[in-house]
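*Asks:* Feature annotation from Swiss-Prot assigns transmembrane segment to 16-36, 56-76, 99-119, 131-151, 191-211.
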């Protein structure tokens with residue numbers, strides 16, 4: 001009887017972890033769908049470039065603070081030391097899903113509390129300009145999505161970890177590979193994000209702040225990420241760094 005109860009609890013525990021991972025993933029998906037409208041100024045009543053309702057200084061302080069909260073969460077929870085401490089409190093298979101969940105919540109906070117600054121820097125209101133900018137904006141999202149699948153979408157967002165735990169299979173780290181986009185730049189995912197952030201027919205001060213802060217954050221985060229990748233993959237990644245540019249294809253061997 002006790003053995004059956006232990007097995008039952010084990011199954012319930014694994015089922016909970018699996019459902020938790022699925023919940024975190026779909027929370028992330030909904031956040032991304034909302035981000036398309038928020039950053040692209042489409043479909044939503046409030047977006048990145050909505051009309052200003054606060055003073056310039058107040059809005060700037062709030063917006064930079066919100067982006068700082070996201071950057072802090074995104075960076076701290078990705079550090080090896082934090083993961084080691086965090087997985088003492090939660091099951092290790094839940095770590096990636098929890099990271100995805102907290103990242104989604106941090107983004108939701110940005111969307112919710114964002115204070116638009118309506119000062120316009122550029123405005124391409126003609127049809128040709130809008131088609132070009134929105135096409136590049138859409139291309140950015142496509143590059144982001146495809147890049148995640150090239151390296152393993154389900155591992156990146158925690159589903160592989162919780163599924164293997166549910167199946168009582170050991171997690172194995174992904175092998176180093178450089179498919180498709182990764183043969184031309186080391187970080188195509190971030191190239192996609194840059195297109196998403198910057199390709200807008202209407203650039204307000206708020207949008208410029210958002211794009212600038214996130215771009216600076218990514219450029220700093222890349223340095224930390226590459227140190228981790230070298231630690232994991234060793235000489236393979238060192239050779240890759242020497243042969244493939246960081247962000248701009250066909251310009252030198254290293255950027």
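Backbone N, Cα and C define each Cβ position, glycine as well.
Keep in mind that what you see is a predicted model, and the values were worked out from it rather than measured.
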*Asks:* Using a Cβ cut-off under 8 Å, which residues of the same chain at least 6 positions beyond either end of the transmembrane segment (16-36) come close to it?
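*Replies:* Residues 42, 44, 91, 93-94, 97-98, 100-101, 103-104, 107-108, 111, 141, 157-159, 161-163, 165-166.
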*Asks:* Between the stretches 56-76, 99-119, 131-151, which one has more Cβ pairs under 8 Å with the transmembrane segment (191-211) than any other?
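*Replies:* Checked against 56-76, 99-119, 131-151; highest Cβ contact count belongs to 131-151.
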